[in-house]
Every structure is written in structure tokens, then in C-alpha cells.
């Protein structure tokens, strides 16, 4: 019986219609559960949708926990290890914010709406391409971490230089150019990523020169991880096709 449940709830293999049907059912439940997050008004029907979907998620969580030994293959330890696996944590975070529906005593779990966004991560269980992307991130983590360190250092350096270059008061508007170092960090980040919202901008010639250099370096720094991820992702797709 447990073996059949395990086959049912795991991602369906080719030819397993019931498992595929369960996957589709869970994907629909996930999509329905995030609909209320698209509205600021809490309509009564959203409460019913939340009640139904969270019941589905609880049953799914219990079934996966009860068959953890078949997945992790570590005997009785599997039941202790499973709640601390990444997807189990995602499943639990998907459930906790809605527990207040069942009892006022559980209002402590009425967390921010943002926590419910974790339900989107449940899609990773049912989509091969997202799983491949995660494998790519794991495979290239050293390179990506190196680029991240370089980017953070450059952001801090640029913000520090700009904060000490620009005058505190903009002579044209009479308002602060960068009222705090956090403003400079914000400006350096959006400039590095070549977004540049325009709400903060330098007014001195030196500041504008620094801004241009930051934008040029930003293109190079952002392009580096993009190229690494794209090349590795295509390589993983090629390996998947060859294995088939």
C-alpha cells in the first residue's frame, strides 16, 4: 500500500497515468492557492480557496512524510530526516500561514502574505527544467559565488566613492543628493545592474564620470554569470537528450 502511495505522489514516469494525474492535480492546486496573492482585497471566496488548497497540501505533506523511507532509503532515520529536506521545508512554509483558518489558537502562524509565495517553489517538484536549473546553480556555485563577491565589493566601493564625491545638498534643487550611505548603496546597485531608475543621480562632473564607469563595469559583471549559467544549462539539456 505504501509503495503504491509513493509511486502515486512522486513525479510521474512515462506511462504512469495515475501519477501524472496527481502531478497535474497538485499543479492546479498550487496555481489556485496563489490567486489571492494577486489581489489586495480579501474576498470571501479566497478564504474557501485557501481552506481547500491547504487541506490538499497537508494531505500531500503527510503522504510524503509517511513514505520518506522509500525515497531517502535510510530506514527509520528517513522519517526524522525528511522534515529538514529542502522541499519538505517549502511544503511546511506553504501550510503554516493558513493554519489560523482552522482555529483562533493558531493565529501565531498567521504570517505575512509573502510567506505564501513559497508555494511557487513547489513547482520545482513537478518541472524537470526547473530541476535542471537548480543543478546548474549547484554545479557552477563556485564561479557564481566569486562573481557575487566581486559585484558586492564593486557596489560597496562605488557607493563609498560616490557618497564622498557628491555634495550633500544638490545645488540645483536644494535637496539632498544622497542623504545616507544606504542611498549611495541603492544607487550603486541599480547602476551596476544597468537598471537606473533615475530617482537618484549625481550632479557633479566627477559623479557623472563615476556613474558612466559603473554602468560599463555593470554590463561586464552581469554578463559573466549569465553566460556561465546559459552554457551550463545548455550542456545539461544536451546530456538529458543524449541519455534518452
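Every residue, even glycine, has its Cβ placed from backbone N, Cα and C.
Feature annotation from TrEMBL assigns transmembrane segment to 20-39 (among others).
Residues or ranges marked as domain 'Ion transport' in TrEMBL: 21-233.
Non-local neighbours of the transmembrane segment (51-68) in the same chain are 2, 5-6, 9, 26, 29-30, 32-33, 78-79, 81-83, 88, 91-92, 94-95, 98-99, 101, 119; each lies 6+ residues outside the stretch with a CB under 8 Å from one of its CB atoms. Here TrEMBL flags 51-68 (among others) as transmembrane segment.
Look at TrEMBL and you will find 80-106 (among others) tagged as transmembrane segment.
Annotation comment: TrEMBL describes 143-164 (among others) as transmembrane segment.
Here TrEMBL flags 184-201 (among others) as transmembrane segment.
Cβ atoms under 8 Å from those of the transmembrane segment (213-234) belong to residues 132-133, 136-137, 139-140, 143-144, 147, 150-151, 154, 158, 188, 191-194, 196 of the same chain, restricted to positions at least 6 beyond its ends. The annotation transmembrane segment is assigned in TrEMBL to 213-234 (among others).
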Reported mean pLDDT - the domain 'Ion transport' (21-233): 80
